[in-house]
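Worksheet for the structure shown next.
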Amino acid sequence: MPLSYSAAAAAAPSPLAARSRGLLRRPPRSSPVVVRCKKIDQLRAVNGIPPYAPVSNRSLLSPVTLPIIRDANIKNDTRLRIFSGTANPSLSQEIASYLGLELGKINIKRFADGEIYVQLQESVRGCDVFLVQPTCPPANENLMELLIMIDACRRASAKNITAVIPYFGYARADRKSQGRESIAAKLVANMITEAGANRVLVCDLHSSQAMGYFDIPVDHVYGQPVILDYLASKTICSDDLVVVSPDVGGVARARAFAKKLSDAPLAIVDKRRHGHNVAEVMNLIGDVRGKVAVMMDDMIDTAGTIAKGAELLHQEGAREVYACCTHAVFSPPAIERLSSGLFQEVIITNTIPLKEDKSFPQLTILSVANLLGETIWRVHDDCSVGHEPYSSLDID
């Protein structure tokens with residue numbers, strides 16, 4: 001039986017399906033895999049879900065030719081403005097290209113003492129402004145830049161200001177696990193609100209409860225549909241598939257993911273953590289012998305948890321192990337662990353820009369630009385963003 005989505009997921013309508021067509025190709029496995037498409041064609045929706053867009057290999061903010069899927073008359077909507085911070089300009093450009101818009105003109109620079117200067121170089125008075133800026137490493141600098149961008153838009157009389165944060169830094173500091181600790185996620189939420197944002201758009205928060213830290217509306221979308229689409233295109237027999245949660249805390253996410261992949265069985269790696277960035281795998285709950293194991297998590301930081309989990313899966317007889325995540329933080333020694341031969345493939349998205357020295361042959365990068373671009377348009381057009389697959393994976 002071929003690998004496919006569940007019937008419920010396959011039946012879910014998509015606004016992209018009626019407008020998109022084209023060809024997706026993968027380069028040879030001898031180099032890091034980046035999903036690309038013919039620039040003259042539009043992307044094809046598979047099973048009624050949004051396709052994965054090409055990932056630009058440009059590191060600087062410059063025009064790129066990408067397929068425009070959204071209606072061309074968006075260009076006539078002069079109230080919609082998209083500005084990019086310096087954290088991930090290539091993703092911002094892809095989002096703007098999806099919407100058929102040009103990025104807003106903005107001047108961002110650093111003074112000699114490290115202070116950040118932001119000046120909007122076009123009017124935003126009465127406009128619906130979206131600021132694309134993940135707070136990825138260096139988290140403090142990117143966060144401060146976002147706050148100053150929000151303040152600049154507020155003082156320039158923007159009607160609505162939405163902070164589009166593909167990766168929300170400090171999301172893991174969402175509770176007090178020990179006495180006298182800070183809940184930094186709540187502090188950052190307060191700062192964004194006080195700076196003047198009217199709304200926040202985030203992708204794959206570490207815990208959904210963190211949405212409650214904001215006193216303004218939060219649109220929470222999941223990057224997993226992009227990964228699901230890619231996995232469904234691979235020739236993996238559904239009877240051989242098992243989805244693995246690398247820890248107990250990710251069971252709900254992995255269960256929702258497994259349900260979409262032909263309702264695959266679920267396994268759980270039980271671990272004990274002895275300090276920050278250190279994980280110890282204890283045992284496996286479930287059967288992976290002779291199976292293709294797909295490990296799903298929201299992020300990979302040092303890769304300690306997922307690498308030790310992969311070792312355990314191989315010991316328990318797994319035939320192949322895939323690692324999937326939305327946010328590739330990849331702090332040292334993540335690259336060494338992920339490229340050590342434990343994984344058949346490491347599948348990530350581009351919510352965080354990846355430097356060239358962090359690439360390796362098993363790496364596949366998928367783009368969330370279409371996902372975020374469609375959500376931005378729905379927010380601007382006062383449409384629901386709760387339509388599958390844009391926000392919900394039925395995670396409970």
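Including glycine, each Cβ sits where the backbone N, Cα and C put it.
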Choose the correct range: of 34-49, 178-193, 290-305, which one does Swiss-Prot annotate as region 'Binding of phosphoribosylpyrophosphate'? Give that range.
290-305
Let's check the environment of ASP219 (Mg(2+) binding site): how many other CB atoms sit within 10 Å of its CB?
20
Using DSSP three-state counts, the residues of the region 'Binding of phosphoribosylpyrophosphate' (290-305) come to 2 helix, 9 strand, 5 coil
Ranking the binding-site residues ASP204, ASP215 by other Cβ atoms within 10 Å, which is at the bottom?
ASP215
Provide the number of Cβ atoms within 10 Å of the Cβ of HIS206 (Mg(2+) binding site), excluding the reference atom itself.
19
For ASP204 (Mg(2+) binding site), what is the secondary structure state per DSSP, taken as helix, strand or coil?
coil
